[in-house]
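*Asks:* One structure, as structure tokens, below. Some questions next.
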Amino acid sequence: MSRSSAGFADFFPTAPSVLQQKRFKVTRERPRPKAQIDSEHSDESSACPTETRAILNLSNGGASLDSGQISSTDLKKTSPESSVEGSASSTAGDRSALSLSVAQHGANSHEARLDTLTPLTNAESSPPQKANSPRNKIAEGIVANTTIDTKSGINPLHTPPTPQSQGRRTGSIRGYKLVYDPDTEKRSSSKEKRRKPRYVDIILSEQNNCPPDPRLGIPNYMRGAGCKQKRKYRPAPYTLKPWPYDASSTIGPGPPAQIVITGFDPLTPIAPISALFSSFGDIGEINNRTDPITGRFLGICSVKYKDSASFRGGGPVLAASAARRAYYECRKEQRIGTRRIRVDLDRDGVVSERFVARTIESQRMGQKSNLQSTEEVKSDSETKKNEPPPTAPKGPSGKTSVRPIVAIPEGPRANFLKPVMPSLVEEVPILGQIKRDPYIFIAHCYVPVLSTTVPHLKKRLKLFNWKDIRCDKTGYYIIFENSRRGEEETERCYKMCHMKPLFTYIMNMESQPYGNPSYERSPSPERCRAEQRERAERERLKREVGLDIEEEKRQRAVDLDPCQEVLTIIIRDLKDKLLEDVKSRIAAPALYDYLDPDRHALKRKTLGIADPEGIKRPMFRIDDSFGTPDSRSGLSDARRPFSGSTPNILALPRIRKARHLGRTDTAFLDERRKQPLRRREVRPLYHRLQQLHDVDDSDDEQRTPKDTDEQDSRPPSRMSSGTSESDDGDGFVSEALGLPVVELAGSGQNKEPDEILKDNQSVGESSQLESNEISPELRKRKRASEELEARKRQKEDDELFGINPIAEAEVEGTQIIATPIAVDINLEVSEAALSILPKESNDNRQETGEANHLDFDGIDVTSSTIEKDRRGILDPLDDIDNAAAREESRTEVGWRVSNDEPRPIVDDDDAIIMDLDGWQNLIKDDEDLHFLRDILVGYSESNVGNLSAWAWRQKEIKALNHPGDVGPLRGGTGIAGYYVPNTTGAARTEGRKRILESEKSKYLPHRIKVQKAREEREARAKNDPHTAAVEAARVAAAKNISKSTSRSTRVNNRRLIADINAQKQALPTQSGDGDVLRFNQLKKRKKPVRFARSAIHNWGLYAEENISANDMIIEYVGEKVRQQVADMRERQYLKSGIGSSYLFRIDENTVIDATKRGGIARFINHSCTPNCTAKIIKVDGSKRIVIYALRDIERDEELTYDYKFEREWDSDDRIPCLCGSTGCKGFLN
């Protein structure tokens, strides 16, 4: 039993030869026609014995089957069913049919036998029997008629080879071909259309057994000729006829009118050149170019033509036509002299300038090369002169000595000796000369300092890119390039050579990759000059501002009206005094009167609250500060003209305990009778409830003055026991009732109205009390005589000191005229007027009434005036319990019939906007309101909540939209040009169109409102000189404010960097340590800023502290991209609707994009007069964009800088500038 060996195709199925064989088999294995199937039925009988023999051989385990014993054709002829299936199947189907028949035969003969088709196939992978197979039926019949002795066991069967595909027989019908179709005939009659189509059989022959590919019949099909397009291939665009230049309609520069000639001899005169090129047109200018340094000709000539009306008796010739003709005729074969020239068109002179620059550069290079060659020739000649003659004897080496022995010269020849090689050890310390260059230092204690050591050290460190090696007495300095590469090279040299030997020494190195750590950068001369200029400018501006302020002060002093200033000061003081007087004289007594327990007796009785003890008499009273001092205070003040005569308005009213409350028979006491000393008055704490003075008042102003006057210093009219009844009762009546007040004749005192009233009351009261004890007439005469004597003494004193009696009273809105009167004053007070007084005992009420009748008999006070005052002062206090406000009286308008012509009562204005104010203005009376209600009957009510709150909210919204406008309006809420109507009626039907930047600028109501407010403020400042002076003073004060300098900060940053570098050297060197310990100086120097809404555009950046000029503010950070990527992103931003792109160019190839990744520096707006500038600096070898201050910037000032967009002259949509500064250019581009 043998096994077939695997072939080349099994191991290399993808080999080209194997693939070609497979393609060949596929072309051969094509389905056969039905005609061949009918011819094969006759061969069935002959095919059966063959198949029987094949199966017997397989069952006997004989030799393996090959293609010669059992062919695929014989197997296919066993039965009609198998033949039909085989004609439509592939080679694999034939092979499977054969194997199934054999396997079925083996399984029927020997049940315990396993047949294998392949060496790796058994019964588990493929079942031995298969139902309903025609091959099984044939195999069973054959096996039943034969008796074959086979041995039991597993006999592996050889896999039959792949049979070749069955080819079709020659002469068989392959198909049908339509040769006549009446439907497709164009010129056919109705009879011909009735004919039937004719078909012709396609017979298979030897030539067309494998029909050729019809596509190969197309010429050059493999080269693409089969899919030719109808379009014509055009390797170059059409050559169109150029349009003639028209200066009136063409935009841009015209055709060139100038040519440049090169290639001629530089020594050629200008005459032949001019003669040659003047034949083409009139020459306007000819220029033979020369070297600007040496003045020699370069062989380059520029010829510029001009338009001529008639050239050499002919027609007009344009300058462009003459230049074009000269270019086309002289560019190839034209010669000047013996050289061929070259002519080029030169529109703007750029070509000639390029030729001149190139020629000058080549001449410079040629001169340098010639100079070097001459120097080499001279050196060679000098060496040859010093060589010995050829016949001189040679040395032992057989070569001439390169360095001949020269005798030491004597005398004058000693001057021609070469100087001695200078020592490499420098006397000046090198460390002070190194600024920022990285270096490595080797101290002299490790390697001795010698000049001969420097070349050896250079050779030792030749693997590193050092810039220079220098030495002084302290040691050696290996200096590297001042860049990031130099720093890395310094670190690499330190790592590889530190503590390594140099001859017999050890190189103990000290690395400084960031230069001299103790170096402090001094300002450059340019910066010093710039600072000096700025300082001089600031001083000049300061002097000018000072001069302007002084001039303004002098002008104001000239224009100042003293009367007006005095009037202003008086009005201001009157207002302050009136406020304090109202607090002390009206508010405080009214509050105390309201808090009187007698007023609330009915309420306590209703609520069942017991009466407090001691309510019969008030335990405290308010003693007026203007009534307690003696009446001669005016005299004492007049005698001291430089002392303050104004009484302390801000002092609190003095509250003291009333004495002798039980006495009702108080009489006028004798002036010789001394009163007992007063006890220390106790001041209750509830006086703090009265805010009668400011918080900033001093303690002396708030302290109540004590009554320490002696009795002798008082006038007789004031020497009384001073009971609380007279002070509280009568004084309050005079104040509350608002009675007219006059001053007695010859008083010579500055008194308030209540003081005069109290003096008169005290006089009458004392006389009345004294008359109860002594005879009334005697008491009156005695009292009158004493009073007259006192007044005479006071008048004499006033005349002695030259003081005129003046009485003033300052009350807001009321002018009180003090007139000296020498008549008796009578007052008739009705019972209704007295009923408003506080409730007191009968005795006190009687005394008060008598005093009033005695002192005021001549003045009639009607009950209406008293009632009005009572309503204005006391009624609000009574209405607190009832919580109801009285409605003020409204002015009524009386309407009458017009006399001349009929006129409407009210002219309705249709332009008024019908908002809340508009409706209130429209409705004039109750009739209008009634009609409005009738109109709104059919409408449902709106739920607006609280009506008052809703009305207040509507008016607040109106105030926000129309600041400063009150009442009805005649213009709608909107911005001019904000709402643009659509031509089609709706925005959705407009389509896509570009919105101009000028129109976008109108969509900034916030900016427009701020701009309007700014313009109004500036206009008011211009009209008001006081505001201008205040603003100038504020600017001057802001300049004097000390601003923090960043010099100390930079010094601290340098020290911190040095410490970090020292720590980096001490740490183990690993990848990434440098990035972890990298120090960003820009973050440490950043100023505190914030972003907020800007009046210029959208968001803005504001300073949070004062920033000095030339200080760094912030770094502009973002994503670093190339220029091509930035252009692509800008287009994407425009398409996606991002209105603002934050692209900042660093150089020609790099752009910072902060649109989606960046800091708050991108919010800085543009201004034509900015306060900042952007600079590009290098930090650690990389370029950064940093914003610096151009001038001193105050806190909360917006930061701006100039965007510096390129000017777009031919742009239809320029970006408008919204900065609003005085130097605004109007557009960004």
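Residue positions begin at 1 at the first shown residue.
Cβ coordinates are placed from backbone N, Cα and C, and glycine is handled just like the others.
According to Swiss-Prot, the feature region 'Disordered' maps to 22-198, 362-403, 514-541, 620-656, 679-733, 746-796. The compositional bias 'Basic and acidic residues' feature in Swiss-Prot is assigned to 26-44, 375-387, 523-541, 691-715, 784-796. According to Swiss-Prot, the feature compositional bias 'Polar residues' maps to 57-73, 118-135, 144-153, 362-374, 759-774. Per Swiss-Prot, the feature compositional bias 'Low complexity' maps to 80-93. The motif 'RxxxRR motif' annotation in Swiss-Prot covers 1050-1055. Annotation comment: Swiss-Prot describes 1087-1204 as domain 'SET', evidence class sequence analysis. If you look up Swiss-Prot, you'll see TYR1203 marked as S-adenosyl-L-methionine binding site, on the strength of sequence analysis.
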*Asks:* When you measure from the Cβ of the residue listed as 'S-adenosyl-L-methionine binding site', which residues in the chain that are at least 6 apart have a Cβ under 8 Å away?
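*Replies:* Non-local contacts for the residue listed as 'S-adenosyl-L-methionine binding site': HIS1166, LEU1228.
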*Asks:* How do the residues of the motif 'RxxxRR motif' (1050-1055) split into helix, strand and coil according to DSSP?
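*Replies:* Secondary-structure composition of the motif 'RxxxRR motif' (1050-1055): 6 helix, 0 strand, 0 coil.
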*Asks:* Counting by DSSP secondary structure, give me helix, strand and coil numbers for the compositional bias 'Polar residues' (362-374).
*Replies:* 13 helix, 0 strand, 0 coil
*Asks:* Translate the DSSP assignment of the residue listed as 'S-adenosyl-L-methionine binding site' into the three-state scheme.
*Replies:* coil
*Asks:* Limited to the domain 'SET' (1087-1204), I'd like the whole-number average of pLDDT.
*Replies:* 89
*Asks:* Residue counts in helix (H, G, I), strand (E, B) and coil for the compositional bias 'Basic and acidic residues' (523-541), per DSSP?
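*Replies:* Counting residues per DSSP class in the compositional bias 'Basic and acidic residues' (523-541), I get 17 helix, 0 strand, 2 coil.
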*Asks:* Using DSSP, how many residues of the compositional bias 'Basic and acidic residues' (784-796) fall into helix, strand and coil, respectively?
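*Replies:* The breakdown for the compositional bias 'Basic and acidic residues' (784-796) reads 13 helix, 0 strand, 0 coil.
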